[in-house]
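> According to TrEMBL, the domain 'P-type ATPase N-terminal' annotation covers 42-108. For 103-121, 304-325, 359-382, 926-943, 955-975, 1005-1027, 1047-1066, 1073-1092, 1112-1132, the entry in TrEMBL reads transmembrane segment. Residues or ranges marked as active site, 4-aspartylphosphate intermediate by TrEMBL: 428. If you look up TrEMBL, you'll see 428, 430, 865, 869 marked as Mg(2+) binding site. What TrEMBL lists as ATP binding site is 428, 429, 430, 544, 591, 614, 648, 729, 730, 731, 839, 845, 868, 869. Annotation comment: TrEMBL describes 655-682 as coiled coil. According to TrEMBL, the domain 'P-type ATPase C-terminal' annotation covers 891-1141.
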């Protein structure tokens, strides 16, 4: 591409904020350049030069894979054998090659290889997906200068430091680039950094004035420059360096740095020089490995394995001691007790003269023989089940958001069961509970309130007060044929303002200025559809978009923006017609969290210079002129009323500037911008501060951030499930409290503990005290006093029905989270039904989450949608990302992503409960079936005087957990349901089974193990005693070890599979196939394996066809032993269900008896969900009913 395309001959110099000013031409170089940490040198347009090649910077290939082709095998094997169970089986496998082994080595190695291989394949497939993603990113193409003023397409991975690239509109930047020029004449471009910080608003970047002549492709033919800058680091908002061009040094700033993975917007193309590549880019430097999270069940599973190891070593030790003592007594004064072992001519294993050594050897043999107590396939089976459970979550149509085309997405399968054990939810507010979609709903102008719309919070407040809410029902009728379709961002209803009626108002002149300010004071960008002539806006925030939309709907349509002007189609009050007015844009002083306001300075068509300003009431009222407070009191009252209803408010004001005054301001502002001293920002702020004063008040706006659909209902269900809900928000206290009432997190009868430092004595001390330590000490003492006072009230009311709410602001939270106070704070918070933390910083959100997680020891869930929620999501046991409008940063840092808060109800109460029950039941069953099998081996060895001889054929033992009992347990973990989804939601208290961990408590785990031990005793005793002293078949043959082992093995396979069939509550065709199929497969295996030559099948040769099948006693013993082994569990389960039912047993009975749709019966069962400390509108109604009953009772006394 030789041509550079048509350029925009317009300037942006006055559009961007004062923070974006251009440095002067002869800047002083930063004194740190060339020192440690500032040693990077970039030879622009000379990546092939000897100097550049000698620096040997990393390439631009970025990889996120865990393995390479060479490292996969060693690293993956290392990961697998870090698990103690796998390492144990590896040791056993190695020992199986020694003469100590009670079975063939191959039978021990193959199951281990199969399990390790399955896990490695899973790891490999996951890494392959990551590699494919890397390949897609690294193979993207960008235009790169190849020399001679021509650009050609080149893959990202081939970029080098110093390359000149041309990035086109809506493309991502392939590396960290130094901005040289853009399609705008003064080198400004718009950048979207959503992938970096989660913010959707556009950032403005600006090139140095010295590089602006590089306007076309051919201008780079002879371009050469040297950049010296800081070394690679993770700071997204800092960049220090100098550029040497044409013999002059020029200082660089973050304004010239375009970061990898940010996107070019609203700019046709830019030219840039590659500064940082690959692993050196700031986005990669910022990428941290997600914290390793393990579920409570998985951690307890490890402990169970250790318990089994202890049991295994204990049994091996006891058997070895017994074996050593017996062996020592085998040859007593020449008399042989166990003559068949020939102790007089035995090898070391049975030599009475070396009994101690024989006992040690037996101990090692026993460790191998008893290894079947440890379920070798447990970990891989659990991983398979979790992956399939995650796919069910991903494909749940009830959690699919059609509007945004976003389903639920379980980004990790490690924490599925944790979803069923959540004790506390810590939630962001904006964008999570609310929509983050602002609607202009009310305003006050010249002391008159306009807007008849009713907010969600006003409805909640009306319900709270028990009074009916009167809405303007005549609104639509009054509009008649002129009624418009709903406009996104505009929910304003007032016939006094709509359709141009504002011109009839007494203060129409002020209304006109108010609407002009809304249409002009912003940084929004209009996009005009030429076909329909409709205008849409791209704004830095939803609030700002709502303002320009409101201005348009009320007759002041912001239509065109150039780099020096704004065009507005205004309703002229005199003629009643739309006229086009152009405002010359002189300066934009943008909003930030410190200033809390933004201003523009414009020149209108009458050559008047106007300062238009809007900002928070805390900074705007103090900047009003003394003679312009005509309706300040009314405006303050209206603003307070708006805040009480949860609306966001901004104060609007203006003043007219004299030409000389503006020129002086402009001169000083340029001087401050061009300063290179450390005080540059403070100098700019001082200049602006003097200008933004003596404002004339116009009025205030009020926008609503609406609650998301279904939020109150979802919170109500979660509260009934016994889940505590905390709100951590950056909003001010009044707004957060009102949102709490709208969500029913707060209710009227709750005692509110408000912890804040707004007390007069603290405020006065902050103003007068010169020593900060004095203020800090006093503030901390007040916080401790308030916490202790609240705690005393809670303790005093214990046993009563009073509910409490704790509300604390960010300033107070700083002291509450200190090491010596956080324990007190947590104790109080746990006793409160609701906790709301206002004005919380991202760090405070993470610290509160960590405090709850570590302090309670229970499962926490963090949910948010913005980059400021990432710390909270990563700190929580489970992080839920809302795929909202604040970017994907929260989603990318989450464990599960959902589109709306309301889907949390189904995710936790249905999928969470199911996953918890399935995983816990599956693991308990695993230990049961291995205990049943392993204990029969132990009993036989004890029966054979601990001789170290296995009861079963080598391959029977090896394939027990791999073939004959593995698939049914997978079906249990994937498909079992104790109750239907409908009942899970109708009876949310069922969720408490997971929170209290009743299904995976030690009592239940040991109970299942004991069940396995009893089953093994019954099967062993039944088989041995019934076959011991009688003929086995018609030929009169007695039972040998081969027949006894095959018979007992058949009983075990039947028993453990039938046990699963009895336990299941939700039978499907798949369950029938895998359970009965596993039993049938055992018989088929016996026939196939028994037909193999005797040197391979050993004592299993023709065991089924010739010995077992023809013998009636085999079938009779099988039937009796299996039925008897199942009776203890069946009897226990029947008694427990009938007399001591768990909550899910009750719901199963309700479902089976058809009473699930009986409202009266359902209400009786659900009463257990309601407690005095429960939040939600159901609890609120119940509390109200209780108060009425109490009043009636008191009246009748």
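Each residue, glycine too, has its Cβ placed from N, Cα and C.
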> Express the predicted model's confidence over the domain 'P-type ATPase N-terminal' (42-108) as a mean pLDDT, rounded to an integer.
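Its mean pLDDT is 86.
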> Find the shortest Cα-Cα separation between residue 865 (Mg(2+) binding site) and the recorded positions 428, 730, 839, and name the residue that gives it.
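Among 428, 730, 839, 428.
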> Answer yes if the transmembrane segment (1112-1132) and the transmembrane segment (1005-1027) have at least three CB pairs under 8 Å among residue pairs 6 or more apart in sequence, and no otherwise.
yes
> Quickly jot the same-chain residues contacting the transmembrane segment (955-975) by Cβ under 8 Å, restricted to those at least six beyond its ends, or write none.
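Distant contacts of the transmembrane segment (955-975): 103, 107-108, 110-111, 114-115, 372, 375-377, 381-382, 384-385, 388-389, 918-919, 921-922, 925-926, 929-930, 933, 937, 1045-1046, 1049, 1052-1053, 1056-1057, 1060, 1063-1064, 1066, 1068, 1070-1071, 1074-1075, 1077-1078, 1081-1082, 1085, 1089, 1100.
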> Tell me whether the transmembrane segment (103-121) sits in contact with the transmembrane segment (359-382), defined here as at least 3 Cβ pairs under 8 Å among residues 6 or more apart in sequence.
yes
> Have a look around residue 730 (ATP binding site) and count the other CB atoms within 10 A of its CB, chains all included.
20
> Is the transmembrane segment (1047-1066) in contact with the transmembrane segment (926-943), using three or more Cβ pairs under 8 angstroms as the rule and ignoring pairs under 6 apart in sequence?
yes
> Hey, what's the Cβ neighbour count for residue 591 (ATP binding site) at 10 Å?
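Excluding its own Cβ, the number within 10 Å is 21.
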> Sort out the residues at least 6 away from either end of the transmembrane segment (1073-1092), same chain, that have Cβ-Cβ distances under 8 Å to it, and list them.
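Here the qualifying positions are 955, 959, 963-965, 967-968, 970-971, 1046, 1050, 1053-1054, 1057-1058, 1060-1061, 1100-1105, 1108.
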> Looking only at residues six or more beyond either end of the transmembrane segment (1005-1027), which have a C-beta under 8 A from one in the stretch?
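For the transmembrane segment (1005-1027), the nonlocal Cβ contacts are 300, 304, 923-925, 927-936, 939-940, 943, 1039, 1043-1044, 1047-1048, 1051-1052, 1055-1056, 1059, 1113, 1117, 1120-1122, 1124-1126, 1128-1129.
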> Calculate the distance in Å between the alpha carbons (Cα) of residue 868 (ATP binding site) and residue 430 (Mg(2+) binding site), and round it to a whole number.
11
> Rounded to an integer, what is the Cα-Cα distance in Å between residue 430 (Mg(2+) binding site) and residue 839 (ATP binding site)?
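Computed Cα spacing between residue 430 (Mg(2+) binding site) and residue 839 (ATP binding site) is 12 Å.
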> Looking only at 428, 429, 430, 544, 591, 614, 648, 729, 730, 731, 839, 845, 868, 869, which the record lists for ATP, tell me the maximum pairwise CA distance in angstrom.
29
> Rounded to a whole number, how many Å is the Cα of residue 839 (ATP binding site) away from the Cα of the residue listed as 'active site, 4-aspartylphosphate intermediate'?
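The separation of the Cα atoms works out to 11 Å.
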> Give the distance between the Cα atoms of residue 428 (active site, 4-aspartylphosphate intermediate) and residue 869 (Mg(2+) binding site), rounded to the nearest whole Å.
7
